[in-house]
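*Asks:* Next up is a structure, given as structure tokens.
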């Protein structure tokens, strides 16, 4: 094979799809045709990618004709129904939903960590990890390779864009109502009264608040988001017995997920050694100089490719434990960028090895 | 002794002092005179307490004449200089600063946990705990008594009012600038540009951001706030070997500190048993029904007395570990309320036991 492969972007008009078109435009071009697919409602729209205006076509079986690689940036139930259709039509699917991540016949791939798993695509489908897991795991993996990971205790600070554009709209609508009243935060119920019923996709106001909830309720009081962090971390690192406790919390940040990490290893660690490991790690930027105000934060990490890691300290009570803080752009590495990187690994299969 | 004791409030005009006057007005009156003391700059101001207008007097040695109990709600260095002066003048000092908390001759008291320690005041000074520690420890202590605490892994979500009124002002000034622009969060540097140099007491913009930093830099990369959570938890619970790793993070919340807690105990735990323990615990309110949107959040906990606890789950990988989320009002239980409660324990010493 030596032609450039043809790519389909399913869900091209959504929040992640929009970032995907930016990424496809800015990264090295490895694609023949790029076909944009969305719901029939969006068909006929023209979107810009690689400097060209491309007309969106409606999702259908025929839409995958001639397509070699299909990225899916759509809700779980749409992926569950249509990814197998695309695979049946001959496309290799890279799916950003949660529909296939824990399927034993579907690899869960982070190119910096387990690129070789792209080959084990028995169903013709490769899954992209959850956005919160991705930001964290890129920073944790090199430390695992050095010290042997045994346990993770995680607390997240998740941006509203993790719930799509509706989350961003809800936050800004609420902020507009509360920004001017600096006494508002001093009495119970005040913010609820000011915000009214305009909660968007969240169970409570998110302006001037933190909401310790993301996803749906599962056994034992865990949220689906918290279980994803546990199960996906285990699968990506190939550590089926890894101990993981995660608490997922929504914060009034537009974009950029952060995670406070307590990581326990099999051998002794030291903070400077860990920093040295991270300086050479792919997909990671070390930002760790608190005396000069340098630590990972959403307002800096957003719009960039790497996971930002900092605040590295060795536990004062356990020489095998490290504490640190990670921030990543939930729509780039957390979604569109990682999908693009996986798709590029597959694109390389279409090019002769001698090139 | 049978007269009502005389109380001094030092720092009556500050953020905590203001809440203190509200609390002294709303709680049972156990005081004779209430004298308001502040910097010479504020002397002569008249403030309302117990429905009366009281003139503020300047801090001086003479200001403590006839005072039985003196509450200090002032910065560390003012407490360090003046609390011993008040004690020398015969007052029992309840100090809300960090100046004396780790002094072995000064007890660190949370009335729901170790009220008996108020008697061990060799220096005539009793210390009030840090606001983040307080919200968390009130909920953790009853679980410790039931299950035997061994380790805490903590991640905080701290309100800007922890840095005083200047923190609240900075947040709202920044929110006013960013609320209307919903594209602002999508590019690195955008929020910094919109906010400009108006950072208030923080090292970075706090609107649309989280800042993994509170306090000053200590050995090993730890912040002073993180070390307080470790050292004060150990002292309050009487567990000098307790393992504690804390990460302290500032969030764009006006008032109400939250903490994600991973607690490891000496014996097996279960979530329903823990809930039962917490239902009967003093100073705690259990809010744990995520299916109905009930979990602890700053917008609800602010202005209330208890620590709100919820999201209780037993670890899926360790039957001795519980994960949960706590929120408390950092200016009430986190500061003024706990100080008032300690002072009331002392006031009771002035009243004959037969009453």
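Cβ from N, Cα, C; glycine included.
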*Asks:* Going by TrEMBL, A:13, A:14, A:15, A:16, A:41, A:42, A:161, A:162 bind NADP(+); tell me which of A:330, A:338 is listed for that site too.
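*Replies:* Looking through A:330, A:338, the residue TrEMBL assigns to the NADP(+) site is A:330.
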*Asks:* Using other CB atoms within 10 angstroms as the count, which residue among the binding-site residues A:41, A:101, A:250 scores least?
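*Replies:* Comparing Cβ neighbour counts within 10 Å for the binding-site residues A:41, A:101, A:250 gives A:41.
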*Asks:* If you run through the domain 'Semialdehyde dehydrogenase NAD-binding' (A:6-121) with DSSP, how many residues end up as helix, strand and coil?
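*Replies:* Residue counts in helix, strand and coil order: 36 helix, 28 strand, 52 coil.
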*Asks:* On average, what pLDDT score does this prediction assign to the domain 'Semialdehyde dehydrogenase NAD-binding' (A:6-121)?
*Replies:* 96
*Asks:* Which of A:13, A:158 has the fewest nearby Cβ atoms, counting only those within 10 Å, among these binding-site residues?
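*Replies:* Across A:13, A:158, these binding-site residues, the one with fewest Cβ atoms within 10 Å is A:13.
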*Asks:* Could you tell me the C-alpha distance between residue A:131 (active site, acyl-thioester intermediate) and residue A:250 (substrate binding site) in angstrom, no decimals?
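*Replies:* Pair distance, Cα basis, whole Å: 13 Å.
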*Asks:* Near residue A:158 (substrate binding site) in space, meaning Cα within 10 angstroms, which of the recorded positions do we find among A:13, A:15, A:41, A:257, A:330?
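*Replies:* Taking A:13, A:15, A:41, A:257, A:330 one by one, the ones whose Cα falls within 10 Å of residue A:158 (substrate binding site) are A:257, A:330.
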